[in-house]
Amino acid sequence: MKRTFLGEFEEVVLLVVAACTEDAYGVIIWEQLQEQTGRSITISAVHATLYRLEEKGYLSSQMGGATAERGGRRKRFFTVTALGSRALLEIQEMRQRLWQAIPQGKLQLIGQ
Amino acid sequence: MKPNPSPPRWLDKLLNWLVAPHLREEVLGDIHERYTLRMQRLGERRARQTYWREVLAYVRPRFIRRKPNQYPNPSHTDMLRNYLKIAWRNLTKNKAFSTINIGGLAVGMAVAMLIGLWIHDELSFNNYHQNYGRIAQVRERGIREDGRRYSNTSLPYPLATELKTSYQRFFKHILIANDPEEHILTADQTKLTETGRFIEAGAPEMLTLTMLKGTWAGLQDPHSILLSASTAQALFGNADPMGKHVKINTDMDARVTGVYEDFPHNTEFNGIKFLAPFVLWTSVNPWVKEQQWNNWFLSVYVQLQPGIDFDQVSALIKDIELNKIRNLEGAQKQVASQPQIALLPMSRWHLYGNYYEDDKGPVQMVWLIGLIGAFVLLLACINFMNLSTARSMKRAKEVGIRKAVGSLRGQLVGQFFSESFLVVGLAFVASVLLIHFSLPWFNDIAAKQLTFRWTNLYFWLAGLGFILLTGFVAGSYPAFYLSSFQPVKVLKGTLNSGRLVATPRKLLIVLQFTVSVTLITGTLIVYRQIQHAKNRPIGYDKAGLLLVKQKTADFKGKHELLRSELKNTGVVFDMAESRSSTTGITMWNGGFSRRGTGITCPNGCGTLPVSTEYGQTVGWQFVAGRDFNRAYSSDSAGFIINESFAKLLSLNNRTRTGKETAASLVGETVTWSPGSREARTYTILGVVNDMVALSPYESAIPTVFFLEDNYNWINIKLNPQVSAAEALPKIEAVFKRLIPTVPFDYKFADQEYGAKFAAEERIGKLASVFAFLAILISCLGLFGLASFMAEQRTKEIGIRKVLGASVLNLWGLLSKDFVVLVLIAFLLATPLAYYAMSDWLQKYEYRTELSWWIFAASGAGALLITLLTVSFQSIRAALMNPVKSLRTE
């Protein structure tokens, strides 16, 4: 199977959705992202990435949970699909392999 | 808790409008939630500030792009096939309607295409020549004494030489040519009379003749001749004509150096059957090169050098004539007309090449015919729309059900368009067949040689465009109107089919009949005008009058012999010679004076030499005085004048008081001293009725007749007791015997005179054809609508009949609506036709009046046709058995 390319920001968003303890939707994901990365991110960028990930098949979603502060509008809850989890695992494995392949002492040398 | 203050409304609206519908809810929900959070943490002001920045960040394609339709267009054509099937069923279910619809549209399209072909022919005139864009004719423009601007193609000889000596650098070719004229071509024993021109050697190259034999250099030799293919065939049969000897008239010898393809019908040079070198002509006509600025008789054609445009050269050569004649003795009159030399590009020859510069006749004709074509097509389209909307009630249920089972509006529009295209496609096929069969007949009345371009790709592309356009125009109303029905209303049967729906249909009928009535009135007036001019007294008797042109010098000195021989045959009443034929004036002069007072001829007077028995031969009608008589030798100094000339004389008479009658002028003397001949005094012997020599629509030309042996025509009056078929062989025998070198060619005066009406008769015929078609198409539409109305009111009629309405009552009820519409159309058409036709009549000096009865007649005619059309349906409906009509469901 040809793997769909996953961008860095996409990967982070996917990880955040996976790491969420409660139901993940736009605002929560955005807050987590801000917290974890420390970057300033617009919510429209988060939305755009979420939809793109859904199109690629890494996320699935359903509607629900309207609240007053949303003007009675429902939220879209995102969950990681099997394809999404496999993609995350593969990335992690690949990184692992690369980390292990680094010759001893080299990283320190570069670091200095 | 107090309700959360909401973020700015207008931003929400913007976002709502911007973001795709399937994303709106969650996006708006999320940013509202964030707004509420921010407000709690940072206060309302900061929250608002960040809010609109956040909103703006949604302006990107991902959010704006709408979700694709859940039910995408099928890749297969099930639904299209269904549309076509339903369309076909609808067509065959109502055969009468379908025939009217398709037939009407086909006629309209055929007319539009015929007219398209005609206009194409008019606009592509002369582009047979490859140098089309670089060729021009030199013209002299100026102002006549009567104030009208003219543009003359006949030029003086010195102008041509001046162009050649001083302006050659601008031109690739400067070619002098004489006017097209009939000549006798003799090869061995074969004699032919053919029209040809003498032109300079560059002509074949400039005109890019298609040479079948020989080359473009064929006219270099002074004793050469180029023949058209048809002439070569007629002279030599299938033998090779190259190098053969041909005698032109009796005095010019030439060898055939080439054969060119005949000029096609839509070229200016069409009918020129041979070309010979100009030098050959001047070698036997040495007078040509002696002519000065006061004799206009040559044509000059030029081809520009590349990179030079017409206006540029026109500006340079503008004054060359004026500069030469300005100080010339006796040329004041010529200077007064401000002659200017200009180039007329070949593309403008046909439509803008009139002698009178302000006469836009040919161009207007193209516009007018084009307009009529567009109108006839429009009428046909209106019919289609009208019938389709009228039938919309029947289809309304279908639309309702289609919508209820999930048809989108776009699909319904597509359905009606596909139906429309089907009908238009059928109509197109029918119209192509129609054109194929009517083209020879159309060519006949339009005097054209149009061909249907079966193999021309552009024609078929144009045809396709035509189908699309007509299909769109004709189908748009039903497509958009029918698809707008609300299914609930339609299926419940509460669709508003009241006045509002009927109004556009009525408007369309009024428009149709306005056009039709205008065309009928116009046609009637054109015919009236032709009849009026035909009934004009022509001043001589054209019946049994034979005209023979003296083409060569062989006729000279044989007058008495010819006359006595012809009279001896017993079939000839009399014979006389004259300078011009009865249907033309070929000698114009001025310079008359009486008792020292000059007599001005506004546009020149006709001065025509005749032989003594001319009056007897043509049947002059004397107002006063007597005819020439052989018994009086003094008649050689006598004038016979026509009434117009008599009027000029009395107008110019300032020495006497009181009005002169024609009778009192007899015996008066007139001095005539044109520049070209010696002054002489003539006695007026008689005054004759005006003869219509030129246009029957213009006032007669003041003319004097006198005895002088300077003739070009022989007039022969046949014995009224003998038929022409019997007389002609005997006359021919006499000519063969006395003048064996010339083939016997003759014309009948009445046919020649009749030819003067050809242009108007053509307009009349075309107009009547179009008027007929317009009426036919309008009636088809009316018929369809009337039958539909009758059908719709079946129940109403049944109930009325049961309650005791008579057939007459019902007929009136059903016909009334249409009669009112036609009356409105008549009221609109009358002023339209009045203005258009009084404008058209203005260009004729001798014209009929626009009497009220013409308008009344065409109105009554239209009304009658309407009643006939509508009555067929309404009487049928009125006669129907109410039991049957009330049972129908």
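Note that Cβ sites are derived from N, Cα and C of the backbone, with glycine treated the same way.
Please treat TrEMBL annotations as automatic predictions, because they have not gone through curation.
According to TrEMBL:
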DOMAIN    B:98-319  domain 'MacB-like periplasmic core'
TRANSMEM  B:99-119  transmembrane segment
TRANSMEM  B:365-387  transmembrane segment
DOMAIN    B:371-487  domain 'ABC3 transporter permease C-terminal'
TRANSMEM  B:416-437  transmembrane segment
TRANSMEM  B:457-482  transmembrane segment
TRANSMEM  B:507-527  transmembrane segment
TRANSMEM  B:766-790  transmembrane segment
DOMAIN    B:769-882  domain 'ABC3 transporter permease C-terminal'
TRANSMEM  B:802-830  transmembrane segment
TRANSMEM  B:850-870  transmembrane segment
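Using DSSP to sort the residues of the domain 'ABC3 transporter permease C-terminal' (B:769-882) gives these counts of helix, strand and coil: 97 helix, 0 strand, 17 coil. Two recorded stretches are said to be in contact when at least 3 C-beta pairs lie under 8 angstroms, sequence spacing 6 or more; the transmembrane segment (B:457-482) and the transmembrane segment (B:99-119) meet this definition. In this chain, the transmembrane segment (B:365-387) lies apart from the transmembrane segment (B:802-830): fewer than three C-beta pairs between them fall below 8 angstroms, excluding pairs fewer than 6 positions apart. Beyond its flanks by at least six residues, the transmembrane segment (B:507-527) meets 372, 375, 378-379, 382-383, 385-386, 760, 763-764, 767-768, 770-771, 774-775, 777-778, 781-782, 785, 818, 821-822, 824-826, 828-830, 832-833, 836-837, 840-841, 848, 850, 854-855, 857-859, 861-862, 866 of its own chain at Cβ-Cβ distances under 8 Å. Listed by sequence, the residues of this chain that lie at least six past the ends of the transmembrane segment (B:99-119) yet keep a Cβ under 8 A from its Cβ atoms are 366, 369-370, 372-374, 376-377, 379-381, 383-384, 387-388, 423-424, 426-428, 430-432, 434-435, 438-439, 442, 446, 448, 450, 452, 462-463, 466, 470, 474, 770, 773, 776-777, 780-781, 783-784. Helix, strand and coil counts under DSSP for the domain 'ABC3 transporter permease C-terminal' (B:371-487) come to 98 helix, 0 strand, 19 coil.
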